[in-house]
Amino acid sequence: MSTVFALSNISKFFGKNNELPIITNANIKIKKGEIVALIGRSGSGKSTLLHIAGLLDTPSSGNIFINNIECSNKTSDKDKTFLRRHFLGFIYQFHHLLQEFSVLENVMLPQIIIGKSKSIAKKNAMEILERVKLQDKFSMSISQLSGGERQRVAIARSLINCPLIVLADEPTGSLDNNTAFEVFSLLQEYAKEKNIAIFLATHNKSLAQKACRIVEINSCMLSSVD
């Protein structure tokens, strides 16, 4: 299968004089439909790498390739926004759902942002809510949902625009183990059906084993885990 996402020689340094390396020369290619788990101890740079991958943070050096479109630290904010909206999906440990919106409105939002009509956005949102088993709760507020249900809303929102890749930063970290596997299975099933790649940062080693392959950040370096 073709490569839909790649990091090439990505480095990130912090400090006044860039004296603190967080990531050094990270390279990875992710194919269409592939699930790649990213592991590493707390503070190793997993979230930083995913933020760079999602064009939410700028690398000190290196390039990101999304659908063969090159993106560097010189890429304009306008172009980054376009790439995020049309090619990327995001899921976080803390769902970042809009509390004042209903379940349906939260899931519709990415479609509205890219210019879909409300009627089409609503139709697509209801279809994907059915896939994550929340179609009966579309009118509820986020505060009325359980933690697992909120993450299912976050998954639906991340997938509604059929991105090339979903970047998931500890998406099940706040859930109990059974709920975590249930939520991940929903994500995995839909992504497989639509051939969507997933780059998943997790502390859950059992969850990581369900990926196609595992990579690890250790001492600022990214390497494959056999």
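Glycine too: its Cβ is placed from the backbone N, Cα and C atoms.
Copied from Swiss-Prot, the annotated features are:
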{"type": "DOMAIN", "residues": "5-225", "note": "domain 'ABC transporter'"}
{"type": "BINDING", "residues": "Gly40, Arg41, Ser42, Gly43, Ser44, Gly45, Lys46, Ser47", "note": "ATP binding site"}
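Locations of recorded Swiss-Prot features on the structure.
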residue: Gly40; record: ATP binding site; contacts (Cβ under 8 Å, 6+ apart): Lys46, Glu216, Ile217, Asn218
residue: Arg41; record: ATP binding site; contacts (Cβ under 8 Å, 6+ apart): Asn218
residue: Ser42; record: ATP binding site; contacts (Cβ under 8 Å, 6+ apart): His203
residue: Gly43; record: ATP binding site; contacts (Cβ under 8 Å, 6+ apart): none
residue: Ser44; record: ATP binding site; contacts (Cβ under 8 Å, 6+ apart): Ile217, Asn218
residue: Gly45; record: ATP binding site; contacts (Cβ under 8 Å, 6+ apart): Lys12, Ile22, Ile23, Ile217, Cys220
residue: Ser47; record: ATP binding site; contacts (Cβ under 8 Å, 6+ apart): Asp169, Glu170, Ala201
For this session: Can you see whether DSSP assigns Gly40 (ATP binding site) to helix, strand or coil?
Result: coil
Exercise. Neighbourhood of the ATP site (Gly40, Arg41, Ser42, Gly43, Ser44, Gly45, Lys46, Ser47): other residues with Cβ within 8 Å of the Cβ centroid, in order?
Worked result: Thr48, Ile217
For this session: Report, as a single number, how many Cβ atoms besides its own are within 10 Å of the Cβ of Lys46 (ATP binding site).
Result: 23
